[in-house]
Every structure is written in C-alpha cells, then in structure tokens.
Amino acid sequence: MMDVKSISVRVDGTEIQARAGATILDILNENGIEYPQICHVPEVDPIQTCDTCIVEANGKLVRSCATVAENGMSIDLSGNRVKEAQTEAMDRLLENHLLYCTVCDNNNGNCTLHNTAEMMGIEHQKYPYTPKEDPSCAVDMSHPFYRYDPNQCIACGQCVEVCQNLQVNETLSIDWERERPRVIWDEGVPINESSCVSCGQCVTVCPCNALMEKSMLGQAGFMTGIKEDVMEPMIDLVKNVEPGYGSIFAISEVEAAMRETRTKKTKTVCTFCGVGCSFEVWTKGRDILKIQPVSDAPVNAISTCVKGKFGWDFVNSKERITKPLIRKNGAFVESSWEEALDLVASRLGSIKEQYGKGSVGFISSSKITNEENYVIQKLARQVFETNNVDNCSRYCQSPATDGLFRTVGMGGDAGTIKDIAKAGLVIIVGANPAEGHPVLATRVKRAHKLHGQKLIVADLRKNEMAERSDLFISPKQGTDQVWLMAVTKYMIDQGWHDQAFIDENVNYFEDYKETLKTYTLDYAERITGLSKENIIQIAEMIRDADGTCVLWGMGVTQNTGGSDTSAAISNLLLATGNYRRPGAGAYPLRGHNNVQGACDMGTLPGWLPGYQHITDDKARAKFEEAYGVEIDGKPGLDNIQMLHAIEEGKMKAMYLVGEDMALVDSNANHVHDILSSLDFFVVQDIFLSRTAQYADVVLPATPSLEKDGTFTNTERRVQRLYQALPTLGDAKPDWWIIQEVANRLGANWNYSHPSDIFSEMASLSPLFAKASYEVLEGWNSFLWGSFTGESTPLLYEDGFNFPDKKARFALSDWTEPAAFPEEYDLHINNGRMLEHFHEGNMTNKSKGIQAKVPNVFVEISPELAQERGVCDGSLVRLVSPFGAVKLNALITDRVRKNELYLPMNSTDKESAINFLTGPAADKRTNTPAYKQTKVRMEVLGGCETAPLPKTNPRNKKRHPQNGVEAERKWNRPGYVHLTD
C-alpha cells in the first residue's frame, strides 16, 4: 500500500515517487531533472511570470511551478507543444534583453537567463530586442550600492516577489499597465528617493544583469568596463558575424571560465548582528566584489540586510591598524611583533607576580570567533590563574540568560528562527528586530503578512514592527515585568493556563500563584499605564494562538529588573505550555554575531566552556587536568566589577580584545578616568578605537574575512567561516596573538589552526562533544543543547535542564526603575539603527551607509517639540547627572510625549549615549540600566536642515501588495496565454 505522504507520477514515461503536495517543478528539481525555471525562487510562492517551466500534465499545458502534482499524473517535458510554448516564452523574455554576455558584468556562470537560453538551445530571437526607455538616461544609478537597467529587465518579478513577500519591505512592484512593463520603486521614483532599505535582496535574485551591485561593475570580467561607444558596435559586430547564439554563448563561456581563475568565492558568516547569516563573499585580490547569499545558508537562505550585503568597506579601510603600537613618551610608535609581544608578556607577568592573580583582568569579544574566545579564557585561567574574564554580554544579554537559567535551566533560544516563523503568535518586548535583527524580522513579517501569524509589540517607541502589529502597547519605562505578570495571573484566574503541562513539567506553581497575587489588572493599569482591556486582549491572543514565541532585547534586559523581567517572560511561557514544542518558546535576541559564542566558550567569570559552572568540582577538575593548574572555585569579577577593582587599586592591568569599553560601558566619563589609571593596558583590535587610545600597547588583529573559525548565532547555531582575504599588513588573527602571549609566559601551546582549538574545547565540553570542523563543513551547522553532544534545534524535548527534568517558576517581584531628581524630566531611550552597527566603528567606514545616515540625532515627539520650541535640525543639549551631549533634533511620531530616542551609532563624545548613562544596573547581573536614563533639554539653536536626509527610507511610505500580481500581466490587452 502506497504511503499517503507520497504519490507516483510519470515523467516522460518514467515512474517517480514524489512527495504529496509537491509541485511538478519541485519533483523535477528534487530528482535532478534539469528544466527551465527562470522566475522560480524556492523561498517564495510561485511567481508565474516567465512561462519557461511549462509542461504538459495529463494533456494540458500548465506552469510546473504552480501546479501541484497528483497521484498517477502523466507529465510530458519534451513534446512539441511543450517545446513550442517554452520557446515562445523565452522569445518574449529576450525581446526585453540585449544579449552581450561576454562583456557583461554578470557573465559569471550564474546568469539564469543566459544559462536557460543555452539549455534550451535558443539560436535566434523571434522578436527583436528593442529598448524600453531612452538608453542614454535609462539606467538608475542613484542608489549608493546598486543600479537598475530597465532595458535589460525581463520583468520576471523575482525582485518584486522577494521585496514584497520575503523581505516584506514592500518597495518594489512591476508597472504592468505601462506599454513596456518594468520594475518601479514606490510610485516610480529614483531608487535612492524610495522606501528601499538597501537589503540587496532584489540584486541577489535578479536572473540577469538588470540589477547589479555597483561594486561588480567593470570589476569581475576581463572584458567588462568597456565604454558604451565601443561596446555597442562590438555587440552588433558579433551578432552579424555569428550564425546563432550558440557560438556567442561559447565565447562567453570561455570568458566566464577565465573569471573563475581570479574571482574567489568563499563561504563566511556575517560579522554584524546575532542572526547568523552566512553567504559567499566574492573577492578579487583584496577587492570585495559582492556578497552572494545562497539557498543552502541554514539561517538566512538568500536573504541579507544592508550591513551584511553592503557593509564591508571597513575591512579595507585605511584606518585599519596594521602594525603593533607601543606608547612611548605619550605617543604611539609602530613596533615589531617581537617587541610588542615581549613587552605585553613581561609587563602582565610582572604585575601578576607583584600584585597577585586577581590583579589582571581580561575582556573578551563578541566579534571574534569561538576559538579565539576559548583561548582568551584559557589564557586567564591557565596562565594567570584568574576567573577575571568577561565579555560584552554583561552589557546586554546577561539578564536574559539569568532569567532562563533560573526557569528552564539553559540560557539560549528555545528553538530556531523557523520556530518563530511557525508560531501562531509572536510577542516582541523591548526589541526592534526590523532594525537590530533585520533578516529574523523578515520571517516574522512574512508569517504575519501571508500566513496569519498574530503580532504583539511592547515598546516605548513606535518602530516598524509596532506599525505592522495587531496590537501595539507602550507601557511606562521599566514596567514590562508588571504587565507580563498581570497577563499570567489573569490567564490562570480564567483557567486559560496549561495545568497538565505545569503538573508534568514545572515546579513551584503554588508559590508562584502567591507571588502573582499583587499583579491584578488594576495594579498593572496603575503602574504600567496600559488599559485593563489591552492586558486582557494579550491574554486572549495567547489563549487562542497555536504556539506563542516571545522575543525580547535590550528594552527588557538593560533595566534594574532586567533579569526578573526575563524570568517573567519565561514564567508566562511555562504557565501556558509554550515550551518543549515547535513554534513556541523564549527567544532573547542576541545582539552580536558571536555574543552567544563568547558566553558558550567560557569568557564569563562564573562559567567554564560549555556552561559548566566554576563551582562544579567535577567540571573544574576536568579543566585542571587539561590545563595543568588549579582553577579557583570562586567566580571572578565581571566587567563592571573589574572597573570598580581598578578604581580601588586592586586591579592593575587589563587585556581587552575587540571591545570599545570606553564607549559601550555606561557612565563613559567615569570609565575614561578609570581606564586612564591602569598601570598597564593592552588592547587588541582592528581599529584605534576610543578605548585603544588609553592603551599602552595596541595589537593589530584581523576581521572575520581574514581568518578561519566559527561563530554561534542567536539560535545556538555554530557555523564555520573561511578565510576570504589575506591579512592586511602585519595584522594577525586573535588566536595567534593570544597564543604568542601565552607561550611567552610558559604555556607551551601549539595550535596550528583554529580547528585544533575547537577540538580541544569540544573534548572538554559535553554540549559540543559531537561537533567538529568536519560536522560543520561547508553550509552545515550544529545547534548545541544536549549534554550528550547531539545537535539540538529544539531545546527541552527530553525535559528541562534540572536534575528532576522539571522547570521552575521564578518567584520575583518587580523592581522599580532608577530614580532621578525632578529637573531631569525627559526619559531618553537608545538603540540601533538599521544601517549602522552599535557605535558604528565598522559601519561608519562605508560611504554608502554614511550617505544614508550621515549624522546621529535625537528623536523628539511633535508634542514635546511644540512645547519646547524645537524643530527639525534644532541644536539641543541633553544633560543628565552624569554628563551631557549636544546634537540636532529630529521631530517624529515614532516617539511620544516626554520620550526621547538617541541612536547609539556615535563614537563622538558630543553625541554618544553613554556620556549620559549612569551607574544603575540590573540587580542580579550588574548589566547597566542603559534604558533608565533621564535628562533635561536645553535648546541651543533654531531650525536647520533635518539631520536625517530626505533620501532615508524612514521618510518614505511603503507600498504593500501581494507579490508580483501576475494576474495584471495576464489581463493586459492582447496578452496571449501559453497555458491551456
């Protein structure tokens, strides 16, 4: 009896077993049958514009991409009717496209139009090519990163479909009502004046050369970059001489093969946010030609954001440090590696000997690889015998991790981004993934737009996700825990909780109900400013949803009660049975490409690699045997405690890698004073950051494109990155530098490649026991989560990470926000902008990004602006008890009343947010309460030019539609259908 999940079809007379529900084209592709499909994008629904995929199914001509196969179906791929229809379809496309493949910038072996024409044996065109628009002015070069040539556009609609329904940025469409249809941006404006957010998805999927990265123009080919007045006669000459396209294609194939000899394509993992996008980087020498995502990428597939696609100029920036620097007589002097490393080792070693093991501290990095983080904690624990090691998760994610450890036993995402996309309801609290985690946000936007997913957003600011949501709530700052607990209490009171799940899986329910007694609807309304009706509506939406995922970020964690609010999120999910199942669970959005990995590798004062606690005697003994030293069973100092220890004179030296502590720590004025007081300070970085300016020695490291290694994303997914470029100047990978320092202090390490380091780490860490470079080869990945070492996409399938396998309700009350004197009457929020990454040390090296966002500014509500006499461009000074900044105002309804918003992408003392923030911190983890800052405002100047250019997409309106709307093409006057 045939499996109901499979069907049988006949393809050109051959019987094939196939998936039930698969389209005919799916079956062809899954069985390796090469077939035309110019407009097909596997990641989206069938586009149905090119008609090159037509087949005959049970005697009818149909589009194979949109026709679901039926059991017993007879499919003909080679009959005369099929071939005639396909040829007509291709002729209609080629009428819109001039074939000049040999001199084309896109002749790189991956041009779908070229390859399909060759596959089909096309020799001549039925319809001669004619341009749609005046060639002298048709090409839109307005955008900093890519260009569009309508006269090469075949109107296949791939770019439109992905913009509308995969990225869901909703900028592109095809004007099917034109005499000659073409792609348009918004209402037909130049690209750079549109709502385009520069994700580059359109360029990635374009099957020809209509959309091209500007960085590719004239760069890839041996015969590209030829001027128009020479190129056009060459094209005409070739067409007149050659008897058909076959000969022309043969020449272009030779040229494409020549390109392969100098164009290197290397798989890498993005170095910006925590989503973990992977893609190919195309290089020629040290030139980065383009970023090309592929369907095999496990997280993003073909998607990117502006930074991942276009934000790599920093790699070749002239501001890179390429030689070691030693401070002599108050100024930096270039030195040799020998001199610099000898000095670092001797000074750090002598300080340890003179002042003791606790006199040296280590700050690791969320930007460097897992392997490099591992050797940094090993340097601290083995060579310096100290647990004084931490990373930037202290500034952001430690409270989320703490809340999860207390409730479910593991500090990571419950599932994957695919689970988020599957959820019936997504709740986003204190996060702005459309700007901070853009590719992850696309999956939520797509599920919400097309698949009925519901969306709740809780934020002080009306960001893009709030605009799209079914319910947007804006509670008073620092009160998220109150409404979360009120929702939980209300659901329990109504009997909407999952009692069976709780009985089987969770401890302390009765104690938890006692804790909830205070959190009535009336209490929550008074504290949060939300209406009781909103709180009830949230409860009802959770009740009705088939799976709830909660995503949260710095708006939760960077508060005095960040850990307890994170625990409250987990409590709500436990009470409603939203763990241990797909499409549900807790998702703290990790901010950096490898902040998850930095923690996983043990660069934490209380944790050894693989989340083995420093107080665990057995775990510690294992590392002691491997390292040959005794490891202190007491946690070391975290980032914040290290600064206190420096101030108190107890810590004399610090070794900091890939972190701009002088800008990212709170109360920056005070931090600067502290760093200046160190006896010896080593900074390892790719730029002379603000922090590096306080160093005694600066060691030049390499960015991700110049080394091998692994990163771990927000899903707990480990992925390999491969060296794409040679190191610049004398810069070295961080793992090499650390090993050289360690060996000068007697360590005798002998790592020859990061794979050696990974193997050692995995041998000591059960979570990674079955991970290896072989497992991670190519596009493969590994998700930690099982102490028997298996890859674990969904956590807790075998129970929660406690001895009895049961989770625990956290019993925590709300902590009030930090108090400020009355004169500080405005609350100032902060966060990322889409175009920039954090303080901008990398993205501010990109001319294109800087053109989109040239300045930092403060967002002010229309109400406050009217009250205080502020307009766009007004110069204002913001003053807190801890410092002051001066910058221009941007009036926007994204903020309301007395709320201000200051993007964090500034390295300037005049405008960086942390010259305002103070010492308040999360009570459990010491994470600074960056979000609890109040200021007063002084208006210094009148109306000037708005600090956000008119060409920034925030000033534009989106144009949503459901994909390409191919029906409009079919309804054009005179359109002749090729299907039956």
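Just so it is clear, glycine is given a Cβ too, placed from its N, Cα and C backbone atoms.
[4Fe-4S] cluster 2 is bound by CYS153, CYS156, CYS159 in Swiss-Prot, and the record lists one more residue there from CYS101, CYS104, CYS111, CYS206, which is CYS206. The [4Fe-4S] cluster 3 site recorded in Swiss-Prot includes CYS196, CYS199, CYS202, and the single candidate from CYS137, CYS163 that the record places there is CYS163. Among the stretches 144-171, 187-216, 263-319, the one making the largest number of Cβ pairs under 8 Å with the domain '2Fe-2S ferredoxin-type' (5-81) is 144-171. Ranked by CA distance from CYS104 ([4Fe-4S] cluster 1 binding site), the binding-site residues CYS153, CYS159, CYS199, CYS277 have CYS153 at the top as the closest.
Ranked by CA distance from CYS202 ([4Fe-4S] cluster 3 binding site), the binding-site residues CYS53, HIS97, CYS111, CYS270 have CYS111 at the top as the closest. Under the DSSP three-state reduction, CYS159 ([4Fe-4S] cluster 2 binding site) is assigned to helix. Sequence-distant contacts of CYS159 ([4Fe-4S] cluster 2 binding site), defined as residues of its own chain at least six apart whose C-beta falls under 8 angstroms from its C-beta, comprise LEU172, VAL183, GLN201, CYS202, VAL203, VAL205, CYS206, LEU211. Cα distances from CYS65 ([2Fe-2S] cluster binding site) to the binding-site residues HIS97, CYS111, CYS156, CYS277 are smallest for CYS156.
Relative to CYS50 ([2Fe-2S] cluster binding site), the binding-site residues with Cα atoms inside 10 Å are CYS156, the candidates having been CYS101, CYS156, CYS196, CYS277, CYS305. When the binding-site residues HIS97, CYS101, CYS111, CYS153, CYS270, CYS305 are screened for a Cα within 10 A of the Cα of CYS199 ([4Fe-4S] cluster 3 binding site), the ones that qualify are CYS305. All protein chains considered, the CB of HIS97 ([4Fe-4S] cluster 1 binding site) has 22 other CB atoms within 10 Å. Annotation for CYS156 ([4Fe-4S] cluster 2 binding site): spatial neighbours ILE38, CYS39, ILE47, THR49, CYS50, LEU93, PRO207, criterion Cβ-Cβ under 8 Å with sequence separation of six or more. Proximity note: of the listed binding-site residues (HIS97, CYS101, CYS270, CYS277), HIS97 have a CA within 10 Å of the CA of CYS153 ([4Fe-4S] cluster 2 binding site), given in sequence order.
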